[in-house]
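Visitor: So TrEMBL has the following annotated:
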type	residues	note
DOMAIN	14-362	domain 'FAD/NAD(P)-binding'
DISULFID	60-65	disulfide bond
BINDING	69, 133, 346	FAD binding site
BINDING	198-220, 305	NAD(+) binding site
DOMAIN	382-492	domain 'Pyridine nucleotide-disulphide oxidoreductase dimerisation'
ACT_SITE	484	active site, proton acceptor
């Protein structure tokens with residue numbers, strides 16, 4: 001079907017101007033033009049302190065989810081090579097990996113996505129402006145383009161989707177010599193011995209769900225770097241994956257340690273100094289004893305949080321309300337305090353910093369603005385995955401959060417260790433293969449949290465996330481016939497509760513299963 005010619009509302013040049021060409025902003029823009037709106041998207045990438053820049057598409061495509069998953073997969077392939085020998089594959093004693101080849105392949109894919117995105121905007125008649133936007137007033141935005149040329153755009157509606165950028169700690173040498181997730185995926189030379197500073201994750205707690213913010217990138221980077229053959233050390237200020245279920249976080253930490261990733265717990269970086277040979281001397285202090293330590297690294301990667309790009313927007317000129325501590329935009333749903341200005345994605349206060357969330361919110365917002373739709377974004381029970389070597393995926397509440405809201409006597413926690421069929425022949429450790437289901441204790445035992453550590457965790461939890469949103473109960477889960485042999489079926493076989501005190505390791509299942517079938521009450525009491 002031929003594109004519909006667009007005509008702006010009233011006295012404005014555009015029906016909608018979107019500031020930010022990431023996942024959420026692009027989704028909103030493309031949905032809006034399908035509804036007949038005249039739309040312009042502004043996008044501009046300020047180079048990182050190390051000079052890294054990228055194309056249209058935002059954090060996820062360029063320096064987030066996509067390159068991270070590709071490098072994670074590359075590291076898993078190295079592990080699979082070792083497993084292959086046990087399955088009869090005749091391979092050389094040693095195999096090598098080329099960082100340069102991986103980087104080039106990843107960057108080539110990213111550039112292809114950048115190009116496809118630009119073509120798609122052109123085909124849909126979304127105007128793309130490669131300029132950094134800022135507010136003049138609530139209906140006027142200026143775009144600063146290359147060479148300092150400015151262009152003014154007036155719009156009936158404006159959507160802020162600028163996302164954020166990584167923070168640096170306020171210590172000597174951090175900005176000058178450190179890198180962040182903005183840089184790691186395009187490093188020209190192999191990272192070598194790497195210190196990753198930061199392994200936490202901030203969560204915002206609400207009535208029925210948890211909001212996860214993107215700070216686990218450091219742990220994921222340490223995991224794939226070690227898998228690719230590099231020395232990796234993680235410096236943690238407080239706890240690993242702070243805010244996630246801490247039992248699961250502890251299992252992930254121990255698994256990474258078993259794989260050779262080093263951890264410096266309760267430590268704070270103090271300075272980074274460049275040496276004559278190009279390496280970096282890092283000084284740090286023990287947060288509990290104040291003991292001073294130092295070591296030499298080839299690369300120092302900071303993963304200590306992200307800041308929203310609201311200062312660059314000059315939000316005060318439009319009268320937008322932001323949170324003083326974080327700079328994030330206050331909104332009810334996606335509607336700000338200014339009637340014609342909206343926001344989606346990472347820039348929003350107390351909303352999950354996850355790409356699919358921004359995409360869904362952007363689409364629904366466009367429908368409400370231009371199609372008089374009523375459906376709001378549902379931010380509850382959003383599933384997520386941490387792509388560590390042994391992946392961890394979750395939907396719903398952590399055990400700590402569930403206890404905090406319902407009390408220990410108000411919940412039941414089912415759990416189990418399991419052994420993937422693929423692990424038997426190579427005799428791989430299963431100490432980290434663990435699942436947990438948290439439900440309300442009272443009948444019908446509604447499921448309020450599911451946690452999975454194991455291969456392809458995200459693929460497993462994605463389907464269960466739909467079930468949790470639909471009101472999944474333990475009876476339904478246990479009456480579901482699993483697909484055999486799969487790791488996902490372990491959720492349908494789960495029957496041991498923590499309250500029972502029984503050993504959840506699989507070698508005890510035959511004995512327990514007979515009891516379960518005969519006297520189910522001992523497992524639920």
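One is the number of the first residue shown, and numbering goes on along the chain from there.
Cβ from N, Cα, C; glycine included.
Because TrEMBL annotations are produced automatically, they should be read as predictions rather than curated entries.
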Visitor: Looking at the domain 'FAD/NAD(P)-binding' (14-362) alone, can you tell me the average pLDDT?
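Guide: Averaging the confidence scores along the domain 'FAD/NAD(P)-binding' (14-362) gives 94.
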Visitor: For the C-alpha pair, I'd like the distance in angstrom between residue 198 (NAD(+) binding site) and residue 65 (disulfide bond), rounded off.
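Guide: Here the two Cα atoms are 18 Å apart.
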Visitor: Determine the minimum-neighbour residue: among 60, 65, 219, listed as recorded positions, which Cβ has the fewest other Cβ atoms within 10 angstroms?
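Guide: If we count Cβ atoms within 10 Å for the recorded positions 60, 65, 219, the smallest count is at 65.
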Visitor: Can you tell me which of the recorded positions 60, 65, 216, 219, 484 is spatially closest to residue 346 (FAD binding site)? Compare CA atoms only.
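Guide: Closest candidate to residue 346 (FAD binding site), judged by Cα separation, is 60.
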Visitor: Whole-number Å only: compute the distance from the Cα of residue 219 (NAD(+) binding site) to the Cα of residue 65 (disulfide bond).
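Guide: Residue 65 (disulfide bond) has its Cα 14 Å from the Cα of residue 219 (NAD(+) binding site).
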Visitor: When you rank 133, 216, 484 by Cα distance to residue 65 (disulfide bond), which of the recorded positions ends up on top as the closest?
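Guide: Nearest by Cα distance to residue 65 (disulfide bond): 216.
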Visitor: Could you state, as a whole number of Å, the largest distance between Cα atoms of any two of 69, 133, 346, the listed FAD binders?
Guide: 30
Visitor: What whole-number Å value do you get for the CA-CA distance of residue 216 (NAD(+) binding site) and residue 60 (disulfide bond)?
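Guide: Here the two Cα atoms lie 14 Å apart.
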Visitor: Can you give me the Cα-Cα distance between residue 60 (disulfide bond) and residue 133 (FAD binding site) in Å, rounded to a whole number?
Guide: 20
